[in-house]
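Marked as ADP binding site by TrEMBL: A:Ala156, A:Val157, A:Ser158, A:Arg159, A:Cys160, A:Gly161, A:Lys162, A:Thr163.
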Number of protein chains: 2
Amino acid sequence: MPMTLKRTVFFVSDGTGLTVEALGHSLLTQFEDVEFKQIRIPFLDNIEKAQEAVARINHQGETDGMRPIVFTTLVNPELAEIVHQADAFCLSYFETFLAPLEGELGRKSNHTVGRSHGSAESSEYKNRIESINYTLAHDDGITDRDLEEADVILVAVSRCGKTPTSLYLAMQFGLKAANFPLIPEDFDRGRLPGTLEKHRSKLFGLTIQPERLAQIREERRAGSRYASLANCRFEVAEAEKMMRREGIRWLDSSTKSIEEISTTILQELKLR
Amino acid sequence: MPMTLKRTVFFVSDGTGLTVEALGHSLLTQFEDVEFKQIRIPFLDNIEKAQEAVARINHQGETDGMRPIVFTTLVNPELAEIVHQADAFCLSYFETFLAPLEGELGRKSNHTVGRSHGSAESSEYKNRIESINYTLAHDDGITDRDLEEADVILVAVSRCGKTPTSLYLAMQFGLKAANFPLIPEDFDRGRLPGTLEKHRSKLFGLTIQPERLAQIREERRAGSRYASLANCRFEVAEAEKMMRREGIRWLDSSTKSIEEISTTILQELKLR
């Protein structure tokens, strides 16, 4: 068995660094027996900050007794050159991919600092913020007003992940996501809540393994009938029966992250 | 002036594809005079889906009369090989960076499908969901209970972006982010709300240009005193005076995205 290796990794960007961090992280997860200390250096947009970053990286290398790994996305070639002088193993996202892409497109790139999250003044950004507000105002069946504006309406029994998923859809994709709980009254009546019927094409259901649901509910209301396994089994079975009868697409959220659930919803409802 | 060039871009991943899309997007923004049609193909995790993707990419190329650009993150070499047979310009994130990283670390990678957003069963993921719930329960000064659990407490006058920023901090970084409005009563009293004083080290302020604030408020309550420029100027000036006096760090959110605001807050409060 090899000893656990420890390495320090820097993510250096002229923007927030969130993209290069996500990217680097997905590579690092491929090395399970290495322990990575990860440091993000955002907003590196002048020579002074570039020199500070080099000093910090070199100092870390001396402390570690091993050169750090540095992932960069720096659009400005002058700043990139300074950072790449650090005594480190540098993987440069822009230098690696921009030249081949320029070749393929037959165009020179702008070399302007990217705002991959969109400028705060862009209509796309404003739409995201508006969608977050809409989603908050339409959480958990608070209101059935303005449902015609919704891009998607999630339905599920309580504690399946409707709220975090709705917020993610709004925040990441700028979608207006309402959500409604399926409650025992709906099962007694054997029908969807009336206000939802006319929006059937926007409905998407979440379900969950009853054991997992009981565990989640138990953390909130220990010992309650609401959290009991018998009741969770009943509610999940009734909800699935209703969704099947009404022709609502759904997925099991038990082991899925909100990113995975949201991506699946986009695919299934052919949104975007 | 060159004609506007149109190209189709695919983002192909065995996971959600969100990371490779963000990445590709940051490169594409470097080519302002090219119009990109962007298509994400997520969850490509078997041979059949890989062959379908190739057919789709080739078909698009025939329609466009120009080969598509394909960004991939595919951990499975067999699937990557199939996709890379498409008649397209392929930029492979894993193939490009994994080998050099293996060399630097002196270890082989696992070649397991990455879950860069964290498994839904991991403690990190559960913490994110718990933070979203905490943040929703502590939005807009709803309650001052459990503030000792907060990682950060945002303060600002109404409509500076407290809520979307708090939610982003929770969703992206798993931080418990409470937020409190600064209201005219606080300015009259000339002091922070009492419950916040003992949490001063967690406080972070947002401010905004009064003109921008008036515009945002006008959209919500047209013609109101609340939205008037005079009132917005007064509130912003009072809020900044209070934050200065109380030694609260703050930033101007007028032209910043929630990603940029959140990244700055993390830096300033030395969180993570």
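Easy rule for this one: first residue shown is 1, then count along the chain.
Heads up, the Cβ atoms here are built off N, Cα and C, so glycines get one too.
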**Q.** CB within-chain contacts under 8 A for A:Ser158 (ADP binding site), separation at least 6
**A.** A:Pro181, A:Ile183, A:Arg217, A:Tyr226, A:Glu235
(Q) At a CB cut-off of under 8 A, do any of the binding-site residues A:Ala156, A:Val157, A:Ser158, A:Arg159, A:Lys162, A:Thr163 come close to chain B? List them or say none. (A) A:Thr163
(Q) With DSSP assignments reduced to helix, strand and coil, which class does A:Ala156 (ADP binding site) get? (A) strand
Q) Which state, by DSSP, holds A:Thr163 (ADP binding site): helix, strand or coil? A) helix
**Q.** Listed in sequence order, residues not in A:Ala156, A:Val157, A:Ser158, A:Arg159, A:Cys160, A:Gly161, A:Lys162, A:Thr163 with Cβ within 8 Å of the centre of the ADP site Cβ atoms
**A.** A:Asn179, A:Pro181, A:Leu206, A:Ile208, A:Ser253
Q.
Using a 10 Å cut-off on Cβ-Cβ distances across all protein chains shown, tell me which of the binding-site residues (A:Ala156, A:Cys160) has the largest neighbour count.
A. A:Cys160
Q: Report the member of A:Arg159, A:Lys162 (the binding-site residues) whose C-beta atom has the most other C-beta atoms within 10 angstroms.
A: A:Lys162
Q) Name the residues of the same chain, 6+ apart in sequence, whose Cβ is under 8 Å from the Cβ of A:Thr163 (ADP binding site)? A) A:Asp139, A:Asp140, A:Asn179
Q: Drop a 10 Å sphere on every Cβ of the binding-site residues A:Val157, A:Gly161 and tell me which sphere holds the fewest other Cβ atoms.
A: A:Gly161
